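Peer 1: What follows is a structure written as structure tokens; I'll ask about it next.
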Amino acid sequence: MAEEMETMFEKLSKAEDCKSLLKKHLSKEVFETLKDKKTSLGGTLADCIRSGVENPESGVGIYACDPEAYTVFADTLDPVIKDYHKIPDNIPIKHPACDLGDPEKLKFEDLDPEGKFIVSTRVRVGRSHDNFGFPPILTKEQREEMERKTTEAFDGLPEELKGSYHPIEGMDADTQKQLTEDHFLFNDHDRFLRAAGGYNDWPTGRGIYFNEEKNFLVWVNEEDHLRIISMQKGGDLGAVYKRLVTAIKALEKKLSFARNDRLGFLTFCPTNLGTTLRASVHVKIPNLAAQPNFKEVCDTYNLQARGIHGEHTESVGGVYDVSNKRRLGLTELEAVTEMYNGVKEIIRQEKELSVKPESLEDMYEHVSKADNCKSLMKKYFTKEVMGKLKDKKTSHGATLMDCIYSGVMNLDSGVGIYAADPESYTVFADILDPVIKEYHKLKSSDTISHPPFDLGDVENLPFPDLDPEGNMIVSTRIRVGRSHKEFAFPPVLTKGDRINIETISVAALNSLGDELKGQYHPLDGMRKETQDQLTADHFLFNDHDRFLKAAGGYNDWPTGRGIYFNEEKNFLVWVNEEDHLRIISMQKGGDLGAVYKRLVKAINILSEKLSFAREDRLGFLTFCPSNLGTTLRASVHIKIPNLAAKKDFKQICDKLKLQARGIHGEHTESVGGVYDISNKRRLGISEIDAVKEMYNGVQEIIRMEKDLANGKGTKSSTCTVL
């Protein structure tokens, strides 16, 4: 056995393609500690790791050979459990007492009373007899003894759970056919289980119990000693869970199950500990599943989505198996409640995405009834406004429906309205003006006004390097948006016009010389090596934003879109991303003056070649009403771990008229204490004043961070940090 163990460890260590948790956490030191240990049932480390060694592509790679293995081989099983169940290294593993809740007081209403979304609901748990080993060391006789004890316990089940037990050994062809059609039959096809002894002496000691209604099922000696399953058509999770709880309590009177206070119920696989409970629905969610953020939605609610035929399978007809993700560290009732709330939200979002409004009245009805919608569009889309604007059109044929469609289809939008073309800001001012005022922090009684275009005197810029020592600022970036005066925005932009925008823009870009001289790379037909390089440079934009998608932002993708950049890769223009043009200047370090000067030079040259949409009241006009006026965003990626840790960090930024966010965009977290800090104001301020405001604010941020790093409290003219 010792020789076999050494051979196994050597094979695992040399398996370069092996990424299993076993390999990650079975170090030489741990191996030496455990290799000679045995459980009281005779289980060894070799029994636990054999499958993972024979199948190096295993995700986990280790099974418990018996309940005691979780203690005897804890030096490798504990870190595997922590890694899989997302428990930080410095947090001890712990699991609450079993709490199935009171079945008579459950507050689980039918998730889908109309029967439009949920095909079926299922809740299962695994259980292990506490005085028997798991498959790696289980003998034929022990398996038969477990089967006998279990089938005797079935006799004590209450009336609704009464049924019959069907041993697989000696099963006749008709029963086998019927159970296969019912999807009740399990098999011996899993190679990971096979290597772990899961099919030893097949099919001896194995079988299936089910009641007359076929909504309660128990697998005996499949993977676990027992898999107890309750299920039915539709979305009545309460009925399914109540049936399961009734069965568990009845079986516990006859059988003794393996459990400890630290890990909860113990089963063969360390992925299935704690509650061992998996509550799932087969649910029709084709629209939500097609969203690029579908996985993030599931993660938010601690759900896992997979195809209906198991992990790593594809959906069929838009139907997904959606289940609770967490097993360890919460009670049974909490796990089912988490799944219930998550699926409820999944269905709500699917309903929203399923709406296909055909008129402005339909849109109004949908938005006004959506309690969860808090957008500015909803706030100002009154019946009176609808009546005033419903028959209006711009010269491009744009209607109010075109402007608000994305906000109607994405009820979680913050703004919820786009301009369909430059003229929309005049034609649909009754709704766009109040949205603009609120977003840009103007009073409703204020008149919207914007100063004349003023880039300042670039030869006399008051912007010394913000971080000459290079200790704090990683990079500096300024961008502006521009729209061609004669073309519409994405909601009504035709493919031909998008191509015309590209043609006109590229001709102007190709006239740039000196430090701005570069090359245009169209997305349509882009070679893979170019794509890979632009992705590595963080230059490439994509079609992943659902708000833009609904607004027509990705129509005819990738036609008419591309990226221009100079040889130094410090000047960049996106063509037909969100706006017609996004003009960007950037470089490493904190030399804001150099970055701004380069941008101004480009703007001045392009303004001579192209005609941009601008009006005296709103400044430069772009697709989104949040980005008007200067359209200018000046930002730095800056290391400020001490200041950012202050509770009033956001208030500090607000007082300095700055916005702080993670370096990967809005609503993202900081990485390594690095934040993206930018000017907040776009409207009602000139370009040069916007950059000055950002410069002064960042200068103050740096001073405060330095004071905090030196252990001082710090004061400024705008705020105090204690």
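Note that the numbers count up from 1, one per residue, in the order the chain is shown.
Note that Cβ sites are derived from N, Cα and C of the backbone, with glycine treated the same way.
Please treat TrEMBL annotations as automatic predictions, because they have not gone through curation.
Quick paste from TrEMBL:
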BINDING   120-124, His183, Arg227, 278-282, 306-311, 475-479, His538, Arg582, 633-637, 661-666  ATP binding site
DOMAIN    4-86  domain 'Phosphagen kinase N-terminal'
DOMAIN    117-353  domain 'Phosphagen kinase C-terminal'
DOMAIN    359-441  domain 'Phosphagen kinase N-terminal'
DOMAIN    472-708  domain 'Phosphagen kinase C-terminal'
Peer 1: Taking the Cβ of Arg477 (ATP binding site) as centre, how many other Cβ atoms lie within 10 Å?
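Peer 2: That number is 20.
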Peer 1: When DSSP is mapped onto helix/strand/coil, what comes out for His183 (ATP binding site)?
Peer 2: coil
Peer 1: For Ser120 (ATP binding site), just count the other CB atoms lying within 10 A of its CB, please.
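Peer 2: A 10 Å sphere around the Cβ of Ser120 (ATP binding site) contains 18 other Cβ atoms.
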Peer 1: Work through the binding-site residues one by one (His183, Arg633) and point out the residue whose CB has the fewest other CB atoms within 10 angstroms.
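Peer 2: Fewest other Cβ atoms within 10 Å, among the binding-site residues His183, Arg633, is found for His183.
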Peer 1: Relative to the Cβ position of Val281 (ATP binding site), how many further Cβ atoms are located within 10 Å?
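Peer 2: I count 30 other Cβ atoms within 10 Å of it.
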Peer 1: Using DSSP, how many residues in the domain 'Phosphagen kinase N-terminal' (4-86) fall into helix, strand and coil?
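Peer 2: The breakdown for the domain 'Phosphagen kinase N-terminal' (4-86) reads 48 helix, 0 strand, 35 coil.
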Peer 1: Going by DSSP, how much of the domain 'Phosphagen kinase N-terminal' (359-441) is helix, how much is strand and how much is coil, in residues?
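Peer 2: With helix first, then strand, then coil, the domain 'Phosphagen kinase N-terminal' (359-441) has 46 helix, 0 strand, 37 coil.
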Peer 1: Express the predicted model's confidence over the domain 'Phosphagen kinase C-terminal' (472-708) as a mean pLDDT, rounded to an integer.
Peer 2: 94
Peer 1: Using a 10 Å cut-off, grab the number of neighbouring Cβ atoms around the Cβ of Arg661 (ATP binding site), all chains included.
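Peer 2: That number is 17.
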